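There's a structure below that I have some questions on.
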Amino acid sequence: MTNIRKTHPLMKIVNNAFIDLPAPSNISSWWNFGSLLGICLILQILTGLFLAMHYTADTTTAFSSVTHICRDVNYGWIIRYMHANGASMFFICLFMHVGRGLYYGSYTFIETWNIGVILLFATMATAFMGYVLPWGQMSFWGATVITNLLSAIPYIGTNLVEWIWGGFSVDKATLTRFFAFHFIFPFIIAALAMVHLLFLHETGSNNPTGISSDTDKIPFHPYYTIKDILGALLLILALLLLVLFTPDLLGDPDNYTPANPLNTPPHIKPEWYFLFAYAILRSIPNKLGGVLALVLSILILILTPMLHTSKQRSMMFRPFSQCLFWILVADLLTLTWIGGQPVEHPYIIIGQLASIMYFLLILVLMPMASTIENNLLKW
């Protein structure tokens, strides 16, 4: 009798994706983050669903409905903080996942990579809209400042901003539509993630060496299912430590003050995972230039396959490129720190230098290092 998991139309898809999938025998823990992102997404959809049952998307009651969730709903506080801190874990996993792709040359799977970049944009948009929903001070002013950036677009800018706002300022219409989008987007992300996996399974996974692993494959189950479960346990442990001990560590105290259009907070800043892009935006004195730099800071990832000049795929055997990669990581951490600081000396100049360094590393220095390494191979 044939095994049902190999014959049943639905089970067959699951089997070919998670059980009998041929996987390289040498993929390290850096390959865990894909499955961790899947877990984060499921967690966010579930906690978000339960929050949506008690939340009201109205400017007069949004803030108090979040308070009501935390005070009166059974385990509402843990659902709310799991959702808020789950977003942080999601972005940590995302950055690790993208970093892994850059380090080991996974961007040469162009379709998979491009869908991944679209996923990154979609996740950032979702997180931004979610941050607006509690209708605290930082929610309101963050929404005002970030949506207002679109007014820098020539000719259609002002009309576009008013169209998104649904009026002449961030108000009830804005909150309602942001809630609608925030609810639907995770399902779009889930669909895109499936396309991402579909493209990945066309080629098979990359591995740390960057060399084809067709000659040495092992089944995904039990080897990598066990490995992924370990990663998942560590992720859930980290999330629970954050939620149960320091739930407000990554939040902004200003968001515990209800939104007030007449009172601007001293430092308007987004959540920590957007600070690197926010620092790049602020480091350019011109509004349109800043917006372009902001978009390009993420969109630049699409160019990486074209900027790959090395004869080797992975950075595993390329010390110069490795060095530049870790300088890029340090640069991004610097930008994240600067994004959270006030706009004054010396933070302005540090931010500008770090922004220049960011684009210089990706567009010029890393391709140059790869070319030098190619020449060294001839010696």
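Positions of Cβ are set from backbone N, Cα and C atoms, glycine also.
Copied straight from Swiss-Prot:
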type	residues	note
BINDING	HIS83, HIS182	heme b b562 binding site
BINDING	HIS97, HIS196	heme b b566 binding site
BINDING	HIS201	ubiquinone binding site
TRANSMEM	33-53	transmembrane segment
TRANSMEM	77-98	transmembrane segment
TRANSMEM	113-133	transmembrane segment
TRANSMEM	178-198	transmembrane segment
TRANSMEM	226-246	transmembrane segment
TRANSMEM	288-308	transmembrane segment
TRANSMEM	320-340	transmembrane segment
TRANSMEM	347-367	transmembrane segment
Nearest by CA distance to HIS97 (heme b b566 binding site): which of the binding-site residues is it, out of HIS83, HIS182, HIS201?
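For HIS97 (heme b b566 binding site), the closest Cα among HIS83, HIS182, HIS201 is found at HIS201.
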Pop the Cα-Cα gap between HIS83 (heme b b562 binding site) and HIS196 (heme b b566 binding site) into the table, whole Å please.
24
At the level of the C-alpha atoms, what whole-angstrom distance separates HIS182 (heme b b562 binding site) and HIS201 (ubiquinone binding site)?
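With the alpha carbons as reference points, the distance is 29 Å.
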For the C-alpha pair, I'd like the distance in angstrom between HIS83 (heme b b562 binding site) and HIS201 (ubiquinone binding site), rounded off.
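A Cα-Cα distance of 30 Å.
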At a C-beta cut-off of under 8 Å, are there same-chain residues at least 6 beyond the transmembrane segment (320-340) that contact it? List them, or none.
99, 102-103, 269-270, 272, 274-280, 282-283, 310, 347, 350-351, 354-355, 357-358, 361-362, 365-366, 369-370, 372-373
Quick one: do the transmembrane segment (33-53) and the transmembrane segment (226-246) reach 3+ CB pairs under 8 Å, ignoring pairs fewer than 6 apart in sequence?
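Yes, since the transmembrane segment (33-53) and the transmembrane segment (226-246) share at least 3 Cβ pairs closer than 8 Å, they count as touching.
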Should anything in the same chain at least six residues away from the transmembrane segment (178-198) have a Cβ under 8 Å from its Cβ atoms, list it; otherwise answer none.
17, 37-38, 41, 44-45, 48, 52, 55, 57, 112, 115-116, 118-119, 122-123, 125-126, 129-130, 132-133, 143
Per the 3+ Cβ pairs under 8 Å rule, pairs at least 6 apart in sequence, do the transmembrane segment (113-133) and the transmembrane segment (288-308) touch?
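They are in contact.
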